[in-house]
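Record features (TrEMBL):
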- 1-19: signal peptide (SIGNAL)
- His62: active site (ACT_SITE)
- Glu116: active site (ACT_SITE)
- His120: active site (ACT_SITE)
Amino acid sequence: MITKVWFLLKLLTFQGLFTSPPPDPGFDFFYLALQWPGAYCDTKRACCYPTTGKPAADFGIHGLWPNYNNGSYPSNCDPSNEFDPSEISDLVSTLQTKWPTLSCPSNEGYKFWEHEWEKHGTCSESVMDQHGYFEKTLALRDRINLLQILTDAGIKPNDEFYKLKDIKKAIEKATGFTPVINCNRDPEKNRQLHEILLCVDKSGTEFMDCPMPTDRCPYSHIQFAKF
């Protein structure tokens, strides 16, 4: 009898009916960071358009960042897994549109993508390879049109100041999730809407409530800069 039970368990395992849980990726969630180009260019840092021309006046991707629930994050997890442009050759035109660089001197964007992969992407390689990292990030960005959400709520990139709570409320109403807002300061000391962070589960596919939805912008009103 024992032999028969053992044989049945082996058979079920072989057929895939008993499967092991997926390995723990080593982090708790992702931040999808989307940045407003007008705020980036309004800082004291120089701003250079990519070689493909001025990006659209829209939120561009900054990165997909693994994070821990305690507020810390891993970085540069696998120096041996270097950025390989050939791995994303089919995504380059889309990356240039939706993940554009604004750093100087003007360039195609490869240095920006290399930095994001090697600092953040290598920490997620337990759940996605290099191509998957960029492909999933692009797909997440396409699922939420932040500019349309804000514009529909009367919040426009016109250099006017808006209540931080109204910006968050508009995004939460449209997506079902509370964003984390980062702001910067321009040379005139104006606090501006710089980045909007949304939390994503460990698989990199579904949006989720942020474990620590704390804004890095302790101001009641912030400027939505022109671009």
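The backbone N, Cα and C atoms fix where each Cβ goes, glycine too.
Comparing His120 (active site) with His62 (active site), their Cα atoms are 11 Å apart once rounded. Neighbour counts were taken as the number of other C-beta atoms within 10 angstroms of each residue's C-beta; across the active-site residues His62, His120, the minimum falls on His62.
Note: the CA-CA distance between His62 (active site) and Glu116 (active site) rounds to 8 Å. Around Glu116 (active site), a 10 Å sphere centred on its CB holds 21 further CB atoms from the protein chains shown.
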